[in-house]
């Protein structure tokens, strides 16, 4: 029979282990994020902190960031993008670490003139270097209703999903000499800003400021992630996303999205890589 002291000791060990590996579930713009720029152009629109808007005019855009940093996690939010003529605007949802050799995982939505589709720009940076761009046109109008955009980031891969459909997988290819973002904690950021010099048709379409202010909406922000605190990450291998891989169905969905809706893939850009595609593309 195990003694009372033995049971207490075992319970204490389990408790300390669980505390070390505690995950965060965030879901309120009031308590989990800070509108860190925009001079009033970013607004939380309800009392519970479920709905937030970002606006852009000729003088400034706006943005918010999470209070906490994370090293691995599943981060998702629902977004409804700027309607009508959104040329020159960029609406974002991304993870990023500080410093000059930062890591970053991007969802960027490049606006367009009325009647033409948004371009979804995805990228992965490691130690300040990106060049991993894949771009898509969406199979729906992202300005009519909210859709769920999600980043799954674990030690082996980054998966981008839309409404639960995986559209891109960036695998850890360190064995091939390809850096992977796994050492630097990142915050969640979102922003609406102007980039008319490149965002729409390479800068050919300029922002029509008579349509300002431009406004995008965010809601149902959720994080299941490993919090970085005091130089350590409370990362648990018990989360399904921590070991998540794409099964046969998931891989087929990625192929479907890329076959039907991808408009740019760095892996097939022979002008940029005349000596052959980067090793992670094989």
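If you go along the chain as it appears here, the first residue is 1 and each next one adds 1.
Placed from the backbone N, Cα and C atoms, the Cβ positions cover glycine too.
In the three-state DSSP reading, residue 104 (active site, nucleophile) counts as strand. A C-beta separation below 8 Å, combined with a sequence spacing of at least six in one chain, links residue 104 (active site, nucleophile) to 94, 95, 96, 97, 123, 124, 125, 130, 181, 186. Per Swiss-Prot, active site, nucleophile is recorded for 104, and the stated evidence type is sequence analysis.
Among the features that Swiss-Prot reports, active site, proton donor is placed at 108, with the record citing sequence analysis. Taking Cβ-Cβ distances under 8 Å and a sequence gap of 6 or more within the same chain, the neighbours of residue 108 (active site, proton donor) are 90, 91, 92, 94, 120, 121, 122, 123.
Look at Swiss-Prot and you will find 108, 121, 122, 123, 131, 132, 133, 197, 198, 202, 272 tagged as xyloglucan binding site. Secondary structure at residue 122 (xyloglucan binding site), taken from DSSP and collapsed to helix, strand or coil, is strand.
Summarising the annotation, Swiss-Prot assigns disulfide bond to 226-235 (among others) and lists similarity to another entry as the type of evidence. In the three-state DSSP assignment, the secondary structure recorded for residue 226 (disulfide bond) is strand.
Look at residue 267 (disulfide bond): DSSP puts it in a helix. Cβ environment of residue 267 (disulfide bond): 277, 278, 281 lie under 8 Å away, each six or more residues apart in the same chain. Residues or ranges marked as disulfide bond in Swiss-Prot (evidence: similarity to another entry): 267-281 (among others).
Annotated domain 'GH16' per Swiss-Prot: 27-218, in sequence order.
Marked as site 'Important for catalytic activity' by Swiss-Prot: 106. Taking the Cβ of residue 106 (site 'Important for catalytic activity') as centre and 10 Å as the limit, one finds 21 other Cβ atoms among all the protein chains shown.
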Can you give me the Cα-Cα distance between residue 133 (xyloglucan binding site) and residue 106 (site 'Important for catalytic activity') in Å, rounded to a whole number? 9
Residue 226 (disulfide bond) sits from residue 106 (site 'Important for catalytic activity') (Cα to Cα, rounded, in Å) at a distance of 19
Integer Å value for the Cα distance linking residue 198 (xyloglucan binding site) with residue 226 (disulfide bond) is 35
How big is the xyloglucan site in terms of the longest C-alpha to C-alpha distance among 108, 121, 122, 123, 131, 132, 133, 197, 198, 202, 272, in angstrom? 21
